[in-house]
Amino acid sequence: MQRAFVLCAVVALSECFFQVPLEKGKTARETLEEQGLWEEYRLKYPYNPMAKFDDNFAVGSESMTNDADMAYYGIISIGTPPQSFKVIFDTGSSNLWIPSIYCNSAACNNHHKFNPSTSSTFRNNGHSLRIQYGTGSMTGILGYDTVTVGGLAVKNQIIGLSETEAPFMQYMRADGILGLAYPRLSASGATPVFDNMMKENLVNQDMFSVYLSSDTQQGSVVTFGGIDPNHYSGSISWIPLSRELYWQITVDSVTVNGEVVACNGGCQAIVDTATNNNGDYMVNCNSIAQLPDVIFHINGESFTIPGSAYVRQSHSYGCRTGFSNGGSNLWILGDVFIRQYYAIFSRAKNMVGLATAR
């Protein structure tokens, strides 16, 4: 198991930031593909990666989809003594929830379950939680306990304890989700973990950053309270948010070979750490080297994604691009984008910073 660690500048201990290593596991989609069940599954539970960003769900009940493509997870602990869980660090949602001993869904029975009765610091909240999915829902109860993330102990953090979970969760490596979006998005008015970190002055700066390694499994990390210069080169481009709910920005256009192919006149995009981009546009696996760059023009600057970065090869389904039509004028800048550009999420500035990843 990889352990969280703390980095401090030599000149001042006040310049510390806290990191959680991330691992890339198989997504639910990849597992289902290997079992030959993906097509049957997607018909039964329609795959809609844009559902979590539907305004119908944006406030009051946290929206998610069948999330078959969430891949990166890190380890946190909850309670006293600590109980460890693998969670997706998701900038597209705001709640923290994990499976509990009260849940007997198939998705809970093959994941770690939190047992509140063995934690001396747990307090019951008395309220219920329902998180709507594109193809089902998670229901549970709320409670408070100490949550340790990257060496930071967040006391009296409100957490969701699942009692039922949507079927697709049984195919995910992660146990639960730790949301890093804005509090207005949070279901049941629960204060997000990072908001409590800021309120308790646990972080030196009101920001966190994400590095996704090009390595298949190891090397990725989420950093709380600062920016790790080891993970990027060049300057940081700061982009103002167009909406302080998700980490949403304006894209001026998307071009290929100098021609505008999308976002003509501008469109919206969400920088989403939990989305493992898998489109359904097939390409010849032998022609990846000849694929053109896709260039996102954002806030007057250009961000290039080479063909080798946006094609995923599947043993069962050949090669396909990491772009898909979400059915709206909204792009998700997920793992394909963040592997190329170190992403910084500043609550102090309400901006996203992007720099070339090392």
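The backbone N, Cα and C atoms fix where each Cβ goes, glycine too.
Since this is a predicted model, take the numbers as computed values, not measurements.
Listed features, source TrEMBL:
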SIGNAL    1-16  signal peptide
DOMAIN    72-355  domain 'Peptidase A1'
ACT_SITE  D90  active site
DISULFID  C103-C108  disulfide bond
DISULFID  C263-C267  disulfide bond
ACT_SITE  D272  active site
DISULFID  C285-C319  disulfide bond
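In this view, C103 (disulfide bond) is surrounded by 22 other Cβ atoms within 10 Å of its Cβ, with every protein chain counted. C108 (disulfide bond) and D90 (active site) have their C-alpha atoms 20 Å apart, to the nearest angstrom. For C285 (disulfide bond) paired with C267 (disulfide bond), the C-alpha to C-alpha distance reads 30 Å. D90 (active site) is 25 Å away from C263 (disulfide bond) when you measure Cα to Cα. Between the listed disulfide-bonded residues, namely C263, C285, C319, the fewest other CB atoms within 10 angstroms of a CB are found at C285.
Within the same chain, residues at least six positions away from C267 (disulfide bond) with a Cβ under 8 Å of its Cβ are T250, V251, N329, L330, W331. Within 10 Å of D272 (active site), as judged by C-alpha distances, the recorded positions found are D90; the full candidate list was D90, C103, C319. Counting only the Cα atoms, the space from C319 (disulfide bond) to D90 (active site) is about 26 angstrom.
A 10 Å cutoff on Cβ-Cβ distances gives C108 (disulfide bond) a total of 23 other Cβ atoms nearby, all chains included.
Within the group of active-site residues (D90, D272), the Cβ with the highest number of other Cβ atoms inside 10 Å belongs to D272.
Separating the Cα atoms of C103 (disulfide bond) and D90 (active site) is a whole-number distance of 22 Å. Residues belonging to the domain 'Peptidase A1' (72-355) score a mean pLDDT of 90 in the model.
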